[in-house]
Ligand code: M6R
């Protein structure tokens with residue numbers, strides 16, 4: 001959600017910034033802009049609605065600079081348009097600024113300080129650069145004006161801000177609160193970005209910024225100060241990830257590449273977490289802290305929430321600790337009565353989701369211990385939780401989460417096993433995680449190798465339909481709602497994931513001739529009941545598609561799943577559902593990796 005890049009000191013500012021924006025494209029955006037300045041009186045501001053390719057087409061050969069800022073915007077306040085795209089400019093044309101986040105008190109600030117300013121956009125962001133312009137006009141230095149403007153933003157506001165002063169264009173002013181931002185340390189120049197991936201072509205060394213910090217960034221200087229104005233010294237951390245890990249590698253879309261990578265991710269997780277003798281590489285302090293709790297709260301959003309539902313089954317079965325799963329945006333403002341000794345698990349691919357972060361901040365204030373399970377080392381939720389476990393899934397670029405979902409479930413299984421083993425729990429001791437995850441990896445491989453069959457099913461049932469249902473019971477219901485989210489977000493088919501037994505209590509009224517109803521059946525205890533529910537919808541004209549474990553399959557079932565441990569069936573059952581979503585989107589002619597209205601990293605509440 002919104003990408004932000006800046007650089008100072010490199011005379012290839014345009015290509016560096018455009019490259020950075022392209023690397024952040026996957027996060028989701030609807031307009032883009034760039035400002036560069038050559039420090040000799042020439043500067044250029046170019047903005048457009050639409051894709052970065054359109055921005056590039058507007059950048060003529062004469063556009064050049066040694067300092068610059070660029071931005072991809074995901075509209076929150078104001079429609080997607082060139083006027084609302086960043087950078088925004090102060091009324092006197094002196095200050096240029098890009099912003100990620102939300103300024104919650106922008107209306108009040110406008111009224112109180114800027115009533116006479118002619119705003120050029122409908123955004124909340126523009127208010128910040130106009131405040132800087134006003135305060136500089138009143139006699140403050142650029143830095144003082146920047147700091148004063150920031151001091152007026154209310155507690156609910158979130159920002160990553162980059163600013164250039166046209167009268168003094170050798171400094172990039174940087175500020176951060178809640179929205180992610182990193183300084184990239186280079187030789188003879190410096191960069192700043194909302195995600196390390198944007199700048200891996202020029203550096204692997206990054207300095208994280210903390211909330212409230214302000215930076216003056218120059219070609220040979222990184223001057224950080226905290227909210228009180230004290231100088232901050234912080235060493236860079238090294239990102240070992242190869243820049244090519246975020247390339248498509250011959251695939252037409254990242255989503256298909258990432259679906260195909262899942263068997264390898266399962267093997268990687270075995271390597272990262274399981275020792276040769278079957279013991280697990282999980283910090284004993286983490287195990288002890290969780291064991292000391294009387295209830296686990298899993299908090300997450302979207303697909304990560306769905307992975308949490310499966311985690312609930314695993315933790316209760318093996319760790320024997322009561323576990324609840326909550327949608328972060330609900331939990332933050334409608335908190336249930338908490339247990340006496342709660343432990344929080346935040347599941348988040350990006351580690352930046354604002355809804356989850358809001359809950360983590362609240363729980364930190366209450367001094368409750370927490371674990372973040374994330375794909376992104378050094379991400380905000382990782383830094384702010386007591387413990388972190390990494391997903392080791394490699395960069396997930398497609399907006400639709402696939403390999404992060406299965407990696408989350410696998411890590412939850414490893415964690416549950418580790419706690420159970422520590423308790424000498426027989427079920428946990430019998431759960432051979434290396435063997436079970438290897439079976440899963442092999443099963444996933446069989447399914448992705450047969451993807452042409454799923455492509456045919458998508459062509460037959462999903463190209464034309466307006467709506468669809470996924471149904472399942474027990475653990476298959478957990479998979480059904482993730483499968484439905486996948487299908488709706490990339491194909492725009494209105495899809496509901498439903499508890500199979502609940503359909504007849506109302507929703508069956510929506511079944512029409514030809515409505516696709518995809519049922520997931522892996523749990524023997526409820527298989528017969530789900531079969532009855534299939535019959536009920538078939539009798540009303542539905543096109544029934546079955547995704548069924550081998551041992552429960554009937555002749556005529558379209559997708560048969562390899563057998564795996566009963567609590568790990570979501571790891572294989574989701575593969576055909578991901579592929580159905582992918583092919584439905586592709587066959588309908590949509591932008592599979594960047595579905596409309598969606599962002600990869602949702603950094604606003
Ligand atoms: O980065 P997170 O895992 O915290 O993101 C949570 C959701 O925004 C994310 O899973 C979203 O639902 C995906 N687009 C689903 O494919």
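Placed from the backbone N, Cα and C atoms, the Cβ positions cover glycine too.
It should be emphasised that the depicted structure is a prediction, and the values quoted were computed from it without experimental measurement.
Feature annotation from TrEMBL assigns active site, nucleophile to 2. With a 10 A radius on its CB, residue 2 (active site, nucleophile) counts 26 other CB atoms from all the protein chains. Look at residue 2 (active site, nucleophile): DSSP puts it in coil.
Around the Cβ of residue 600 (active site, for Fru-6P isomerization activity), the number of neighbouring Cβ atoms within 10 Å comes to 25. The active site, for Fru-6P isomerization activity feature in TrEMBL is assigned to 600.
Taken from TrEMBL, the feature domain 'Glutamine amidotransferase type-2' applies to 2-220.
Positions annotated as domain 'SIS' by TrEMBL: 286-424 (among others).
Summarising the annotation, TrEMBL assigns domain 'SIS' to 458-595 (among others). Along the domain 'SIS' (458-595), the predicted structure has mean pLDDT 97.
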Per-state residue totals over the domain 'SIS' (286-424) - DSSP helix, strand, coil: 65 helix, 27 strand, 47 coil
Helix-strand-coil residue split for the domain 'SIS' (458-595), DSSP-based: 71 helix, 28 strand, 39 coil
Euclidean distance between Cα atoms of residue 2 (active site, nucleophile) and residue 600 (active site, for Fru-6P isomerization activity), Å: 9
